[in-house]
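Asker: First the structure, then my questions, so here it is.
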C-alpha cells in the first residue's frame, strides 16, 4: 500500500524532500562552541537571524548527530509547540502555534554533540606531542556536514554572515575563517571572539583547535598568509607558503578581484578524509598535501603540494566568493579549481610542462566517462547521501577538460575577460551553470550555451571516426562506450585538425553525426609518398573526445610519430585513444602493440607516463587473456622501458630536471612490476644498505618505492624478513609521505598470509582510516581472490568503521576492479545485492561494469589470430 499523504500543516510534509523549503532563510549566525578535547564532546549555542518571507507556522533546517535542547528553542521569544528531528532526512522541523511574523527574527537554541572519529562534521584527530597522544578538534563540512556541528540551513544557496566564538583550553591555538577580534583568558580557558565573516555558505565554515607552529608570509595586497603545522615541523610548510602567497597574487590579477578576506591560514591535519578542503580563509589539508621536506620528499610529492595549494586557493574565488547554487553545479567549483591550479602552477614552474601533465586528468575523465555507469557533469542530486559520490573524475577532471576545450575555442583573452565579469557579477552570491554560459556568450558573442550544454547535461563523449575518401575527409561521431555498445548522444564538437604540420591548423564545429571536409589533401602540401603526409585531429588534445583513424591515416601517423613530427600532447592522445579503442574491441591489441613499439626511443616524462599506464593495463589483462603469452608481453614492455631507465639510472644527477626526477622512479617501479630481475636485485641491494643507514644517498625518496617493491617481490610466509624490515621502516618513520610509500607496497605480494596480514593492518591503530586506500591499492592480480575473501568476511566491520565516509568506495573499487570474468561479476553483484547504500552505490555499479568490460576485452584478445606472431616479431626486432 502507498503511504497516506501527510496531513496539511503537519511536520511530515517536509520529509523526503531533496531541498529545504524557501519560506525562511538565515541572514546571520552567532555561534558559540565549547569543544572538550579530553572527553571528545562539544556544547554550543546558536542565535540565527532568520528572514521569514512567506506565511508559515514552521521553521525547517538541518541537524544531524546532535542533541538539541528542545526547551532552549525560541524564535522571537516564542517556544515551538512541536519539535521534530527526522534522522533520515537530517532535518529539524519547528512548529509554532500561529503564523510567524514576516521579516527578520532571531532563532536561538542550545545543542551538544560528540567530537567523532569519522573525519566529518566536528571531529577529533590524533597527534603526538612530546611523546604523548593528544586530540585536536577539526571541522570538515563539505558537502553536508555543517549540520553535524550546529543546526543550520545547510545548503550552498543559503549564504549568511557568521560570527563565531570559541571557548578552548588556554594553551591551544584556535583558528576559524576570520581573524581574532578579541580574546579573554579566565584561568585554564580562553574565550576567542572572531570577526564577522562576509556572506558565505555553511559548508565553508571552519574551526581547528590544537597545538601548532606556523610560518608566515604576506601577499602584494597585504593579506597575511600562514601555514600551521605540528610543533617542530614548521620548516616543512615553507614551500606551501610560497605557493600560497604566489597563488593569491596570481588569482587577484587574473580575476581582477582582490582576495576577499583579511587573512588566509593553511593547516596540516593528521586525520583528513579528502586531500584538502578550501574553507574560506582557513584551508585544511592532509599532511602529505601541504608539507614538503627537501630531505625526505619526492619530486612528485612536491608537485602535488603545489597543485593542491593552487587548487584550494582558486576556490577562494571560484566556490567561496561565487558559490554554486546547488550540488548539481559542483563542477563549477571543482572543474574550475582543477583548471585554474594548472594555469597558476604553469606560471610559477614553466619547466614542469604542467599542461602536458594535465592530460592525466583528461585521461582519467575519458576513462570513467566511457562507462555506461558514468553521469553527466550536471548531475541531479536528490538526497544528501548522494553528494559525496560526485566528487569524482567527472566533476573534477571532465569539468576541467571541457573548460580547457572551451578556452581553446574562445581564446585565452576572451575567456579570461568573461571569467572576470562572472566573478564580479556573482560575488557574495550563488550561480548556476547557465549563469556562466550567459556571461561567456555576452563577452564572446559565441553560442556558448548551445555548444557547452551538449557537454555538461549529457553523459559521455564522442569518438570521431576519420576516413580519407579520395581528396576529402569524412568525419562521423558516435558516443564512445567501452562495453562496445553505442549511445545515442550527439555533441557540438570543436574540431582542430593538423595536416602535415602542428602549426597549420584547421578549425570547425562538428554539429551533426556526419561531416565532410572537401579537398583536404590539396589544402595540405601535396600528398607525398614516403610517409610524409599525415592528418591529426584534436591538436594538443584540447577536445574532450577520442579519434579513430582509418588504416591509411593510422599508418601515416605512426610514421609521423617515429619522425618526431608531433607534439608531446598529440603523442599522448594517440596512445590513449588506441588503448581505449583496444579495450572496446574496436581495434586489435596487435595494432596497439605496434603503436607502442614506435615509442621505443621516447624520453619525455609525460609521454612515458601514459605509455606506462597502457603497458601496465595490457600486462595485467594478458595474465587472464593469454597466459601463455603474458611473459613475452612483459618482456616486450621491458624492452620498451629499459633504455630510458638505464639512461637515468638509480642515482639523481646534479642539476637534473624536475621531470627527470619524476621519470626515474616511474620507470624503476614499472620494471620491478614487470619482473625485470636486474632492477629487482638492485632495488633489494639498495634497500639493505638503506635499512642499516637511513641517511645513505643510495636510496633517495624518489627511488624508495621501487626498492620496497623489489623487497616484496621475494617475500613469503617462510621468507618474511624483507616484510618485517619494511614494517620497521613504517613504524619508525615520522614522515607521512614515507609511511604512505611503505603502505602502498606491503600488500604487493602473492603470499596469502602476507596479504591478509597487510590488509588487517587497516583495522589497527597503526594505519589511519584515510590511508587504508594505500594498502588496498597495492594488492596485485595474483592475490585478488585473497583480497575478495577478506572483503566479504570483514564487510560489516568495514561498513561500521568507514560509514558515512567516501573512503568506503576505495575498498570496493580497489578489489572489485581486479576481476575480469562474467562469473565473478555475478558473484560480487549477488554479495552486494543486500548490502548496497546510496553512499557507494554508484562506485559499485562502475566497478562491476569495469569487470564486464575487461571480460569482453579478454574475449576480443583471444580472438586475435596474429597476436602471438606480433608479440614475437616485436620482441625480436633489433
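Even glycines carry a Cβ here, placed using N, Cα and C.
Okay, these came from Swiss-Prot:
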ACT_SITE  312  active site, proton acceptor
BINDING   142, 275, 276, 277, 278, 279  substrate binding site
BINDING   311, 315, 334  Zn(2+) binding site
REGION    102-209  region 'Required for membrane association'
SITE      396  site 'Transition state stabilizer'
Asker: Taking DSSP as the reference, which of helix, strand or coil describes residue 396 (site 'Transition state stabilizer')?
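Answerer: For residue 396 (site 'Transition state stabilizer') - judged by DSSP and reduced to three states - the answer is helix.
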Asker: Quick check: in three-state DSSP terms, what is residue 315 (Zn(2+) binding site)?
Answerer: coil
Asker: Say you check the Cα of residue 315 (Zn(2+) binding site) against those of the binding-site residues 142, 277, 278, 279; which is nearest?
Answerer: 278
Asker: Going by Cα-Cα distance, pick out whichever of the recorded positions 276, 278, 279, 396 is nearest to residue 312 (active site, proton acceptor).
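Answerer: Comparing Cα positions, the closest of these recorded positions turns out to be 278.
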Asker: Taking the Cα atoms as reference points, how far is residue 278 (substrate binding site) from residue 396 (site 'Transition state stabilizer') in Å?
Answerer: 14
Asker: Return the count of C-beta atoms lying within 10 angstroms of the C-beta of residue 277 (substrate binding site), excluding that atom itself.
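Answerer: Excluding its own Cβ, residue 277 (substrate binding site) sees 24 Cβ atoms within 10 Å.
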Asker: When DSSP states are folded down to helix, strand and coil, where does residue 334 (Zn(2+) binding site) land?
Answerer: helix
Asker: According to DSSP, does residue 275 (substrate binding site) sit in a helix, a strand, or coil?
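Answerer: Where residue 275 (substrate binding site) sits, the three-state DSSP reduction gives coil.
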Asker: Look at each of the recorded positions, 142, 275, 278, 315, 396, and point out the one with the fewest other Cβ atoms around it within 10 Å.
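Answerer: Minimum Cβ neighbour count within 10 Å, taken over the recorded positions 142, 275, 278, 315, 396, occurs at 275.
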Asker: For a three-state summary based on DSSP, what are the helix, strand and coil counts in the region 'Required for membrane association' (102-209)?
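Answerer: The composition, in the requested order, is 6 helix, 63 strand, 39 coil.
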Asker: How long is the line from the C-alpha of residue 396 (site 'Transition state stabilizer') to the C-alpha of residue 276 (substrate binding site), rounded to the nearest angstrom?
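Answerer: The Cα atom of residue 396 (site 'Transition state stabilizer') is 14 Å away from the Cα atom of residue 276 (substrate binding site).
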